[in-house]
There are 2 protein chains.
Amino acid sequence: MADKKKRRRADPSSDDEEDYGGGGRKPLPFKKRLKADSVILSELKDLTDSFRSSSTSEKTLTLSDLDLSSTCREVCDLDLSSVQDTIERLILRVAQSILSGNGFAFDVPARGNANQLYVPELDRIVLKDKTSLRPYSNASTVRKTTITARILQLVHQLCIKSIHVTKRDLFYTDVKLFQDQTQSDAVLDDVACMLGCTRSSLNVIAAEKGVVVGRLIFSDNGDMIDCTKMGMGGKAIPPNIDRVGDMQSDALFILLVEKDAAYIRLAEDRFYNRFPCIIVTAKGQPDVATRLFLRKMKMELKLPVLALVDSDPYGLKILSVYGCGSKNMSYDSANLTTPDIKWLGIRPSDLDKYKIPEQCRLPMTEQDIKTGKDLLEEDFVKKNPGWVEELTLMVKTKQKAEIQALSSFGFQYLSEVYLPLKLQQKDWL
Amino acid sequence: MADKKKRRRADPSSDDEEDYGGGGRKPLPFKKRLKADSVILSELKDLTDSFRSSSTSEKTLTLSDLDLSSTCREVCDLDLSSVQDTIERLILRVAQSILSGNGFAFDVPARGNANQLYVPELDRIVLKDKTSLRPYSNASTVRKTTITARILQLVHQLCIKSIHVTKRDLFYTDVKLFQDQTQSDAVLDDVACMLGCTRSSLNVIAAEKGVVVGRLIFSDNGDMIDCTKMGMGGKAIPPNIDRVGDMQSDALFILLVEKDAAYIRLAEDRFYNRFPCIIVTAKGQPDVATRLFLRKMKMELKLPVLALVDSDPYGLKILSVYGCGSKNMSYDSANLTTPDIKWLGIRPSDLDKYKIPEQCRLPMTEQDIKTGKDLLEEDFVKKNPGWVEELTLMVKTKQKAEIQALSSFGFQYLSEVYLPLKLQQKDWL
């Protein structure tokens, strides 16, 4: 990465310009360190350019580059008619099997923990190639086989009608058979895996909760959306990524924000006009729609992604879901994950560096500390020495802090000092 | 209301055209009852026109019309400079009191249950005029008095800077004093009450989660938003109602939807193009931003509001929060509530009328039944005999159903049959 050489991890409190006042009336701490916006911008522009050229020359690694394509399984986006075709061919094979006296069964990829693999070169979790037979003529699998056939039929209908439904809709089409929604949900993921396509290719979507604002134009179901003209509320991220396209942007980076409150601050201040960027948030735990949208932006626009999360184990966990996926959806990690997300802040070392007042820091609970220690054992943390250092500091100091803690220096400290200084110092990991 | 006379509460299953099939392949139940869209539309148009003329001639009742303005308290929207003025005058009075030897105290409106009143003529909860003194020179109130002064100072800053912040931001500006967020939140409502203005006038906003789509154009922070061109995702409802304006619409009604999944179905099917309407949802429990937005639409566009909620006590409770407010915010009920919301569905009587299969109905829990019985004692239910009838039926049958239960007749049953038939039959209460 081109930014590695240029990075100066300057401590903002290490020189003589100390102006920390602690109150809203006194000058904002570290504000004097800020260079002119034009200086910060021109450096950022160089960075984005070098990022772009490196990401066009570097081919994204795939399972086959690593000789893993025969032992690992991955799905891809399929259009509706291909999904329909694949279902029809699958059912034809089943019918042939019945006619030739071999009975009715599906060969379903195993999705349990034992079949999961973290691949460091890809920096994400993938599914290994183990499958298990789901025969109709077996008391222990007859229900699941029936559910599988029913889900295949329902998805086939969706393909013909070309409409999207939620998992909840799917469940209610046959409550008698599915009994509870966890059963239809689980088989839905099985079916995506069996067909070798993403869950969104099946036209079954999750309710969206993410919003986006800033220097982005895209089409949503045929309507052109200009995200600089979405006021303070922003544009709701569409639940169906297959109807999103034509992305255009003059942004220099994507700012991924964990929480609502910080998003609102940046949207109202139109931060994206001072530092051209796209601001996106899932308002907490990342949903599938926001993850797909983030990846699509990063891939099509070739922009660096900087993440602003709380300084606690949960914030890092959210970062990891965007970055290398969740275990439940590992079969689709290639489409759901956004590689190379940078941890901008709030980082544990920021607490002292930016002199966050003691009363705005929170003591970590026993559970927090345990989660933090568990994260230190995760591959996606271990491969980044900077992250290990930060997380170790967090667990050692037993302190956490929310993004909102910066409000103790004034409501606009986040948008007027903290983020500009972070960008100026290229202070991300 | 003009629609009362025209209403025919025809039972869709009462004549011979029975075509209920129970499966996706057979004709959709009751679909044959549907008249041509043009017929339904022309009747709806008459209805909206008569609604408009009645709502322009009928003045909205206020506390003073009922001779309650001296015994009840209400707040109004104030612009930023008026809020600033009011704070300055309040602090001046406090200073005078100190200088004249009477000490430092705030006179704070009581907001407890004992000071709440449901006014049937207004159909909402209001606050009575009791206040309590909050003196600085008293060990039991000294902290709260200090917090009140601090919140006044922070809001004063917001007025000068003309920015919006969340309650969480406010809390973090002085964690040492506030200790936990419930304390700063409660005093914030006290302050709004003291100043006689709405909480949104203080520029302290709640995170938004609502979305809107359909025949509506409005301005959000200066940007013109056309909600027919928001794809499937829709437009996120802005958190700051004071920057929303210029509403224009050719809709015939507003469709208020409780849940995401139904919203997505209607947005994808562009239901608002078949039956011109504005579709809005808060995705569950109504937040302040969505409530303010709904009221603003109803008042400025003079459109009837039809509500589509789950058939359970919780759905009716959500309807009541939109309609007559929550106790916590009763001081601002005039701005937060939308009068005369019609209960379109899913109503307890719909379960049999539309032959919702037994397995798609859910048994009510003990808690559900208790909530249902409690609701039967609430004034806002009792004043509407139709609602009492429906709720009594729900408690008697001990059955509830989600909007999604309609998916058992096919994914698009909601948008293609159920809602059009409801509109055709003017089947709302």
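Using the three backbone atoms N, Cα and C, a Cβ is placed for every residue, glycine included.
Caution: TrEMBL annotation is automatic and unverified by curators.
If you draw a 10 Å sphere around the CB of B:TYR172 (active site, O-(5'-phospho-DNA)-tyrosine intermediate), it holds 28 other CB atoms from the protein chains shown. What TrEMBL lists as active site, O-(5'-phospho-DNA)-tyrosine intermediate is B:TYR172.
Residues annotated as Mg(2+) binding site in TrEMBL: B:GLU258, B:ASP310. Around B:GLU258 (Mg(2+) binding site), the C-beta neighbours below 8 angstroms that are at least 6 residues distant in the chain are B:THR281, B:GLY284, B:ALA307, B:LEU308, B:VAL309, B:ASP310, B:GLY315, B:ILE318, B:ILE403. In the three-state DSSP reading, B:GLU258 (Mg(2+) binding site) counts as coil.
Feature annotation from TrEMBL assigns domain 'Spo11/DNA topoisomerase VI subunit A N-terminal' to B:143-204. Mean predicted confidence for the domain 'Spo11/DNA topoisomerase VI subunit A N-terminal' (B:143-204): the pLDDT average there is 91.
As annotated by TrEMBL, domain 'Topoisomerase 6 subunit A/Spo11 TOPRIM' applies to B:253-423.
If you look up TrEMBL, you'll see B:1-30 marked as region 'Disordered'.
In sequence order, the recorded positions from B:TYR172, B:GLU258, B:ASP310 that place a Cβ under 8 angstroms from a chain A Cβ are B:TYR172. In the three-state DSSP scheme, B:ASP310 (Mg(2+) binding site) is classed as coil. Across the domain 'Spo11/DNA topoisomerase VI subunit A N-terminal' (B:143-204), DSSP helix (H, G, I), strand (E, B) and coil residues number 47 helix, 4 strand, 11 coil. Just so you know, the Cβ of B:ASP310 (Mg(2+) binding site) picks up 21 other Cβ atoms within 10 Å once every protein chain is counted.
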